[in-house]
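Per Swiss-Prot, the features are:
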- 1-35: signal peptide (SIGNAL)
- 39-140: domain 'Ig-like V-type' (DOMAIN)
- 46-50: region 'Homodimerization' (REGION)
- Cys58-Cys129: disulfide bond (DISULFID)
- Cys85-Cys103: disulfide bond (DISULFID)
- 134-139: region 'Important for interaction with CD80 and CD86' (REGION)
- 150-155: region 'Homodimerization' (REGION)
- 162-182: transmembrane segment (TRANSMEM)
- 183-223: topological domain 'Cytoplasmic' (TOPO_DOM)
- Tyr201: phosphotyrosine (MOD_RES)
Amino acid sequence: MACSGFQSHGAWLELTSRTWPCTALFSLLFIPVFSKGMHVAQPAVVLANSRGVASFVCEYGSAGKAAEVRVTVLRRAGSQMTEVCAATYTVEDELTFLDDSTCTGTSTENKVNLTIQGLRAVDTGLYICKVELLYPPPYYVGMGNGTQIYVIDPEPCPDSDFLLWILAAVSSGLFFYSFLITAVSLSKMLKKRSPLTTGVYVKMPPTEPECEKQFQPYFIPIN
């Protein structure tokens, strides 16, 4: 009995010695996630422009200086969170979103300037900036309160062919109106000139006076 108890105790010690490195690694990786928080600030409201582009700044603060950072943009719709885009970059290099052309950004010190493109009215919602400081340890993670992005779809432009038809109709109407006014004006001018002359020259005989005086010669006799 003593021998069997000693064997079981030895097996437990051997199992503990084998699993201790894994337990220590687990503790080093996951305990800092919950113990090292980070504040992330972002604007409360942003209005996208007419082309569906919205820009906002994510500013994070931490005690250490990170060399490798990961930025993730999340969209909250009700109780669900969906990832819009994400990128991992080093402080020395430029922030680039390789897998998604929806987002672009630049980084300066502890600020990340994010731009989201191709937004429509249905994309209006709360966009949350998540920042992770990956290297060097310890691991920091923080999420902002979110930026409410409002998107207004621009009114559709009218068809260019339709505009051409309208322009042609208006031009034709103006031309017909000017032609009608010109014709009426010429007609009135001709009517005014008709009582003055018929346009045909007729040679008329000279007229004699109705009453022509007759003069008798008057002679004075000379003796």
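The backbone N, Cα and C atoms fix where each Cβ goes, glycine too.
Features per Swiss-Prot, on structure.
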residue	record	DSSP class
Cys58	disulfide bond	strand
Cys85	disulfide bond	strand
Cys103	disulfide bond	strand
Cys129	disulfide bond	strand
- Within 10 angstroms of the C-beta of Cys58 (disulfide bond), the count of other C-beta atoms across all shown chains comes to 25
- Counting across all protein chains, other CB atoms within 10 angstroms of the CB of Cys129 (disulfide bond) number 24
- Item | Contact set, same chain, for the region 'Homodimerization' (150-155): CB under 8 Å, 6 or more residues outside the stretch | 45-48, 50, 52, 54, 119-121, 123-124
- By DSSP, how many residues in the region 'Homodimerization' (150-155) are helix, how many strand, and how many coil? 0 helix, 1 strand, 5 coil
- Item | Rounded Cα-Cα span from Cys103 (disulfide bond) to Cys58 (disulfide bond), Å | 14
- Query: How big is the gap, in Å, between the Cα of Cys85 (disulfide bond) and that of Cys129 (disulfide bond), rounded to a whole number?
  - Reply: 10
- Query: Expressed to the nearest Å, what is the distance separating Cys103 (disulfide bond) and Cys129 (disulfide bond) at their Cα atoms?
  - Reply: 12
